Amino acid sequence: MDGHDGSSIRSRPRGAATEAEKRKQIPDRVTLKKEIGLLSACTIIIGNIIGSGIFISPKGVLEHSGSVGLALVVWLLGGCIAALGSLCYAELGVTIPKSGGDYSYVTEIFGGLMGFLLLWSAVLIMYPTTLAVIALTFSSYVLQPVFPNCVPPYMATRMLSATCLLLLTWVNCSSVRMATRIQDVFTVGKLMALGLIIVVGLVQIFNGNYEALTPQVAFSLDRTPSVGQIALAFLQASFAFSGWNFLNYVTEEVVEPRRNLPRAIYISIPLVTFVYTLTNIAYFSSMSPDELLSSNAVAVTFGEKLLGMFSIIMPISVALSTFGGINGYLFTSSRLCFSGAREGHLPSLLAMIHYKKCTPIPALLVCCIATIVILCIGETHNLINYVSFINYLSYGVTIAGLLFYRWKKPNLYRPIKVNLLVPVCYLMFWALLLGFSLYSEPVVCGVGLVIMLTGVPVYFLGVHWKEKPKCISTFIERATYVGQRLCFVVFPQIDPIEIANPSEWTDQSSGRSGVSANS
């Protein structure tokens, strides 16, 4: 920020110019732009939630729950739990108005080590694996018509997945506006695809094909599921609902985040829960439990049974849905890397943006490369339980942080303040779910914990150890310089309007004046 900019603000009498007029006097800066309105905010949430999960998880939920009726209950409760969590995240998002979501909140509340462990597990496995699963689902559904009678070749699915990732990485590196427009279009497309499934399923029900949904059949159990199996069914459903907190990763790019962030959450979560429940009802209206469990592509099997010659619509629709999901995950997970680097927990190069396009190119490239590595390692579908466990662990720690922050800073101004029963109910469910998951699948959960704890030595060596040998510091500086030259990136500049305005991080007495000044 140079002296000319500062003097141009201070030379005007207080209150003499509106914020819009102030911005006109300030030259364009190299910084992340606020280009996400309410519609784009909703499509980011919906587009990230509705990716591949609704086309993969129904099989796992039914398998672990043991009956159609119990599976539908799991889907409905999964949406309710996501709604409770999203209410808590709405409070955190407007109280700590920083991009980075869980990571930024945990770092602010519990300190650097806890935040780094969450960041480490997310960057190392959680988001690359989720992106890989979505990309593989995309390629499988695209190639399904080409290989109708067999599983698509291993190399073909990997090559197509990598091509899709590279294309969308290029889009996100080129323009934030282009990436959000793609998200808007493909979110509408995936809602239309699920709408088609729901309509066809409702037609089946109106024609009397609802035997599997009658209470006496739906809740008949061939085997009584254990509490641990029910917990695993919830973990499978949670994979389909994961992404409900992703708007919090891009808070600094949302227009009027205090208004639009909670509004987008309140609109999106109930809509997705409603769509998911109806989609599963549609599946069960035309497919027996055995047919669903034996299917590797539930939506394709559904289309082949009911759409006849138009069954090609289903793999195309699912491909469009997953394509939008990949775009959304790339967009938001790259902002997590960006936020981590800005806090000093990742290499500083990842906190830089293109000097003209204002996009975090290094962070996007790291997300893309990490996902391609996961694709090359082998089969990723078995990692869904690992990812779901780490997801739920991070959700619980973050929402526990909300309660701790209420106690630690009781006078901090909170534009949204949820009833204490909301985080308490979420944490009770969270503790039960993780406890029974540990009991029933100790290896799966243990691997998830080990992955997270491997970040402890990395934190102390890479972050906490400040007095590194000169050769290491020189190497890092040279690598950063080379990265800057290759990607044309610089550190983002600070918004002078944000400096001039009262801080959003104020106590009760001063906070209200700050809000009135911005409203």
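Note: Cβ is positioned from N, Cα and C throughout, glycine not excepted.
These numbers come from a predicted model, not from an experiment.
Taken from TrEMBL, the feature region 'Disordered' applies to 1-23.
Look at TrEMBL and you will find 36-56 (among others) tagged as transmembrane segment. Beyond the ends of the transmembrane segment (36-56), by six or more residues, the same chain brings 133-134, 137-138, 141, 180, 183-184, 186-188, 190-191, 194, 239-244, 246-247, 250, 253-255, 260-261, 263-265, 267-269, 271-272, 275-276, 279, 297-299, 318, 321-322, 324-329, 331-332, 381, 384 to within a C-beta distance below 8 angstroms of the stretch.
Residues or ranges marked as transmembrane segment in TrEMBL: 68-89 (among others).
Counting same-chain residues at least six beyond the ends of the transmembrane segment (110-143), those with a Cβ under 8 angstroms from any Cβ of the stretch are 51-52, 55-56, 102-104, 152, 156-158, 160-162, 164-165, 239, 242, 297, 299-300, 315-316, 318-319, 322-323, 325-326, 329-330, 333, 336-337, 340, 343, 345-346, 366-367, 370-371, 373-375, 380-381, 383-384, 386-387, 390-391, 394, 397, 401, 404, 448, 451-456, 458-459, 463-464. The transmembrane segment feature in TrEMBL is assigned to 110-143 (among others).
Tertiary proximity for the transmembrane segment (155-173) is limited to same-chain residues at least six positions away from its ends with a CB under 8 Å from its CB atoms, namely 131-132, 135-136, 138-140, 142-143, 179, 182, 323, 326-327, 330-331, 334, 354, 357, 359, 361, 364-365, 367-368, 371-372, 375-376. Marked as transmembrane segment by TrEMBL: 155-173 (among others).
Under the heading transmembrane segment, TrEMBL lists 185-206 (among others).
Under the heading transmembrane segment, TrEMBL lists 226-244 (among others).
Residues or ranges marked as transmembrane segment in TrEMBL: 265-286 (among others).
Per TrEMBL, transmembrane segment is recorded for 306-332 (among others). Long-range neighbours of the transmembrane segment (306-332) within the same chain, counting only residues 6 or more positions beyond its ends whose Cβ lies under 8 Å from a Cβ of the stretch, are 44, 47-48, 50-52, 55, 101, 127, 130-131, 134-135, 137-138, 141-142, 144-145, 164-165, 168-169, 171-172, 179-180, 182-183, 185-187, 189-190, 192-194, 196-197, 200, 204, 243, 246-247, 249-250, 286, 297, 299-300, 364, 367-368.
Annotated transmembrane segment per TrEMBL: 361-380 (among others), in sequence order.
Long-range contacts of the transmembrane segment (386-406) within its own chain (CB-CB distance under 8 A, at least 6 residues past either end) are made by residues 85, 88-89, 91-92, 95, 102, 105-106, 109-110, 114, 118, 121-122, 125-126, 129-130, 133, 235-236, 238-239, 242, 245, 412, 420, 423-424, 426-427, 430-431, 433-434, 437, 444-445, 447-449, 451-452. The transmembrane segment annotation in TrEMBL covers 386-406 (among others).
Among the features that TrEMBL reports, transmembrane segment is placed at 418-440 (among others).
Look at TrEMBL and you will find 446-465 (among others) tagged as transmembrane segment.
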Range from 185-206, 226-244, 418-440 with most C-beta pairs under 8 A to the transmembrane segment (68-89):
226-244
Same-chain residues at least 6 beyond the ends of the transmembrane segment (418-440) whose Cβ lies under 8 Å from its Cβ atoms:
81, 84-85, 87-88, 90-91, 226-232, 234-235, 389, 392-393, 395-396, 399-400, 402-403, 406, 446
Intrachain residues whose Cβ lies under 8 Å of the transmembrane segment (265-286), provided they are six or more past its termini:
42, 45-46, 49-50, 54, 58, 68, 71-72, 75-76, 78-80, 82-83, 86-87, 89-90, 191, 194-195, 197-198, 200-202, 204-205, 209-210, 212-213, 218, 240-241, 244, 247, 292, 298, 302, 305-306
